[in-house]
Structures are given as C-alpha cells and as structure tokens.
Amino acid sequence: MIRPRDELGTATTDSAQKIVLLGSGELGKEIAIEAQRLGVEVIAVDRYANAPAMQIAHRSYVGDMRKADFLFSVVEREKPDAIIPEIEAINLDALFELEKDGYFVVPNAKATWIAMHRERTRETLAREAKVPTSRYTYASTLDELYEACEKIGYPCHTKAIMSSSGKGSYFVKGPEDVPKAWEEAKKKARGSAEKLIVEEHIDFDVEITELAVRHYDENGEVVTTFPKPVGHYQIDGDYHSSWQPAEISERAEREVYRIAKRITDVLGGLGIFGVEMFVKGDKVWANEVSPRPHDTGMVTLASHPTGFSEFGLHLRAVLGLPIPGEWVDGYRLFPMLTPAATHVIKANVSGYSPRFRGLAKALSVPNATVRLFGKPEAYPGRRLGVAIAWDKDVGEAKRKAEMVAHSIELRTRSANWHSQDYEKRKHLL
C-alpha cells in the first residue's frame, strides 16, 4: 500500500507516478483530470474506444477487463503505482493476483470483491460491521423467490446478486409481481443473477451517500474523514439527482458517520467509499457500499473547494497526500464550500455522435454549469452529462440544476432532436 508522500514526479518522465483506471467513464474522467493537475501519469482502460477518461489520459487500452490475461498485460507493461477500479465488470481473481505481486489495488482487492457482490456486501455490513440494515434473505429459484418475498413481506425489493445502477432490480408490491421480478433479474442484470437478494422496503425520508475517505494524517496514521452526507433520489434504481448537504437531523448525521466508519474500517485500504444509507427521522440503515467515487458525489465538484471534490479526495488518499479536516464530536469532518445539487442529462434516443443544444439557455443561468461526459454513443437511459448548481439554499440549487438539465436537447446521427421535457417532469418541485 502507498505510504505518506511529500513529493511527486512528472508525468511521462522516469520520475512519474502512474495510475491505471479500470473503467473510463465519467467518474474515471474526473479522477484523470485531478491526476493531470498534479502531474500524475494516467492510463485509462475500458471495453470501448474513446471512453470519457481515455480522451484526456496519457495512454489508453481497449479490452475485456473480465479477462485476466488482458489485465495482466496492461499492468505488467505500465507498472503503475496504483490500480483504480471504476466499474464492476473486472476479473476479481486478477486483482487478487496483482495485489499478491505487490501492486496497490485501490482500496484493496478484498474490498472490491466484497462490494461487487450483494450477498458478500450485505453479510459484511450486517455481520462483520454490525450496522443496521433492512431485513433480507436470498432466493435461487422462482419458487424460493415467492417464499422469500412472503418471508420479508410486501412490498419488498428484489435485486440481482451482481449488478449495478438498478439493472436487474424490481419493486415487488405483491405476489403477482414475483414472476416479473425474476424475469427482470435474469434479463437485465449487468453481472450474475444466479441468486437474488430480497430486501425489506424501508419507508425512508431520504436516501443518502456518505463519501467517507480513508487516508493518512500528518502523523502517518490512517484516519477517516467525512464530508457532509449527500442526499439523492433515483428513477428505476439509477441516480437522477443529488444534493449536499442532505436535510437530516444532527443525530442522524452522527449515526451516518458512525455507520460509515464501522463499514470502512472493516473494508480497509485507502481511498473514498460511497456508503449508501436510508434515513428516516433519527434512524439510519446501511444499504450498499462502493469502494470508489460515487455517481451521486458529482455534486462535490461544486460543493467542495477546488481540488477537493470526491475525485480529488480519492486521488489524494491513493497517492498518500494529506487531506485537511476538523475534529467535531469524535469525527474528522471535511468542510463544504457551498450547498449544491446535480441533475442528470440522460439520453432518450439511440445513436452515435451525440450532439447537444440548448446550451445558451442552460449556461446563462447564474451559479450553474453543465458537464458533458463525451460518451461517443447514446441509448435510452444512458447518462451523457450532468447539470450542477450551487446556492446558499440547497432547495434552490436543486430547482436550478433540474431546470438547467431539462434545457438540454439531444440528437444523434440516426435520431432527431429530443428534449428532456422539463415542464412535464418537475421531479423536485
């Protein structure tokens, strides 16, 4: 693992620090931007050419990251200081082997292995970290799924054991929905659906992400620093809007930090963790954890100072560089710059060479901006950008971010202009 660092080299020279990004989407792109600002050499890897992070990396490789030989060839050629997974579709055995050979897998291979599988994740949260979760059970056949849903009670949630972004998940309102839930998992999971997890429905006030970052302090000891919790909401199980700070009680906020600390202490390593939780009043339940920057955390591009977004925090931790913080009531907290919010810009058409319009209106809104990710292909539901807004009132930031996002229209080579339909879809107002 990286040790505390006081110096950095220069990219493309023999003094360079190198990172390999396994996954080159919008989150990897922001990590790459932060790395470029510190003179770190960036190697981007993904399954398709010209992925967002590849567009600004020093070098890139295209291949199937589920194949160990491909990963070994890239790492052995580049010999990076850190290997940073950004997606789930990675050969986990290869990560363990590379770690055994002395490479730094961020945060560590075991944490990545746990987080990419819902059964391993849930058992780690409930049994090792011993934090509150919703009630849950598992099912491997359709008959078992009927039994599991009856056991947990309706309504409940079913999720493929390996997937992400809501793919293969279903909200089961009654027995009549069980076959559809089974079919959804089998057809749409991004990974394995050999088993489903069935979870109790929590009637929460807000869903939050705590972006806990493990890093070295000034004494060379590993500590955990906590930014303010990020509120978010989803559509079809996928992030649609986020804001910071989440509107929760002080008591709930302290419980969020306590739960995140227990989970990240169990997982170990260095870097940022997106710990997803449900909050109702003062009660908090852990849901899932991602050992890397979280899509809801893009709000920190505005809410945190320059260089200290979740991506900057992740990179500092990975490189062994310091992160400022202040101890309050036993927790090391990272200060916000301003309340802020994001709202996604999603494709509703298919095709190559996406083109955007409405930017004159969108970029005329004070204290707001747009990030377009540079993905070369669109398909319905694919996230192609995000609107970001900031304001002293987080509610106003939410409103502004949604308005800006829905000002953007999209077309591709094979489809005419389509709007985001702001007037028809005022989710937050």
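Note that Cβ sites are derived from N, Cα and C of the backbone, with glycine treated the same way.
According to Swiss-Prot, the N(1)-(5-phospho-beta-D-ribosyl)glycinamide binding site annotation covers Glu26, Leu27, Glu86, Asp295, Lys375, Arg382, Arg383, on the basis of sequence analysis. Counting every protein chain shown, the number of other Cβ atoms lying within 10 Å of the Cβ of Arg383 (N(1)-(5-phospho-beta-D-ribosyl)glycinamide binding site) is 19.
Non-local contacts of His201 (ATP binding site) by the CB criterion (under 8 A, 6+ apart in sequence, same chain) comprise Ser134, Pro155, Cys156, His157, Phe171. Residues or ranges marked as ATP binding site by Swiss-Prot on the basis of sequence analysis: Arg118, Lys159, Glu199, Glu200, His201, Ile202, Glu207.
Under a cutoff of 8 A between CB atoms, and with a sequence separation of 6+ in the same chain, the neighbours of Glu276 (Mg(2+) binding site) are Glu207, Ile208, Thr209, Ala286, Asn287, Glu288, Val289, Ser290, His294. Residues or ranges marked as Mg(2+) binding site in Swiss-Prot (evidence: sequence analysis): Glu276, Glu288.
In the predicted model, residues of the domain 'ATP-grasp' (123-319) average a pLDDT of 96. Among the features that Swiss-Prot reports, domain 'ATP-grasp' is placed at 123-319.
The two recorded residues Arg383 (N(1)-(5-phospho-beta-D-ribosyl)glycinamide binding site) and Lys159 (ATP binding site) have their Cα atoms spaced 21 Å from each other. Cβ neighbour count for Leu27 (N(1)-(5-phospho-beta-D-ribosyl)glycinamide binding site) (all protein chains, 10 Å cutoff from its Cβ): 27. A gap of 24 Å separates the Cα atoms of Asp295 (N(1)-(5-phospho-beta-D-ribosyl)glycinamide binding site) and Glu200 (ATP binding site). Cβ neighbours of Lys159 (ATP binding site) (same chain, under 8 Å, six or more residues apart in sequence): Arg118, Gly168, Ser169, Tyr170, Ala185, Leu196, Ile197, Glu199.
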